[in-house]
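Database features, via Swiss-Prot:
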- H75: active site (ACT_SITE)
- D119: active site (ACT_SITE)
- Y55, G57, G59, D76: Ca(2+) binding site (BINDING)
- C38-C98: disulfide bond (DISULFID)
- C54-C144: disulfide bond (DISULFID)
- C56-C72: disulfide bond (DISULFID)
- C71-C125: disulfide bond (DISULFID)
- C78-C118: disulfide bond (DISULFID)
- C87-C111: disulfide bond (DISULFID)
- C105-C116: disulfide bond (DISULFID)
- 1-21: signal peptide (SIGNAL)
Amino acid sequence: MYPAHLLVLLAVCVSLLGASAISNQPRNLVQFSELIQCVNKGKRATYHYMDYGCYCGKGGSGTPVDALDRCCKTHDDCYGQAEKKGCFPFLTLYNFGCFPGGPTCGKGNTCQRFVCDCDLKAALCFAKSPYNNNNYNIDTKKRCK
């Protein structure tokens, strides 16, 4: 085998290894995380919102435990409205800008604007709501009824 062929084969193998390491997490969640960081200026890591209360994170049920959890329920409801409009909020990528005065949603189609608005409203709500460490990683079976 020629050295050039070996280099091409090596490049293909490295590319495939890199592609297999890419998460299948919906890319919209990355944008939502960036919006949160833009609004709170990095004061709280996004992962703190991933397992908070009854609604922040995957799923949601019961009565929200506090104002921050209500932000998450409102965000879930907003995504539900997006789905009713035929959008796929977890997969919809949108344009936004992070400016000194705060983030703004950019131009796009109806679904992109709607989903960006859901995420922006939630990020702003997170920023103004107190964070209670006692509501992080709670026992949802007991507290979310």
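Glycine too: its Cβ is placed from the backbone N, Cα and C atoms.
Long-range C-beta contacts of C38 (disulfide bond), restricted to its own chain and to partners at least six residues apart, with a cutoff below 8 Å, comprise C98, G102, P103, A123. Using a 10 angstroms CA-CA radius around C118 (disulfide bond), the recorded positions that qualify from C54, Y55, C56, H75, D76, C144 are H75, D76. Among the recorded positions G59, H75, C111, the residue whose Cα lies closest in space to that of C125 (disulfide bond) is H75. The Ca(2+) site is set by Y55, G57, G59, D76; from the centre of their CB atoms, other residues of the chain with a CB within 8 Å are C54, C56, K58, G60, C72, K73. Other C-beta atoms found within 10 angstroms of the C-beta of C72 (disulfide bond) number 22, with every protein chain shown included. Sequence-distant neighbours of C87 (disulfide bond) (same chain, six or more apart, CB under 8 Å from its CB) are T110, C111, F114, V115, listed in sequence order. Cβ neighbour count within 10 Å across all protein chains ranks D119 highest among the recorded positions D76, D119.
For the disulfide-bonded residues C54, C56, C144, a Cα-Cα cutoff of 10 angstroms around D119 (active site) retains nothing.
When the C-alpha distances from C105 (disulfide bond) to the recorded positions Y55, G57, G59, H75, D76 are tabulated, the minimum falls on H75. Cβ neighbours within 10 Å of C78 (disulfide bond), excluding its own Cβ and spanning all shown chains: 18. If you check the disulfide-bonded residues C54, C56, C116, C144 against D76 (Ca(2+) binding site), the ones with a Cα inside 10 Å of its Cα are C56. Secondary structure from DSSP puts C38 (disulfide bond) in a helix.
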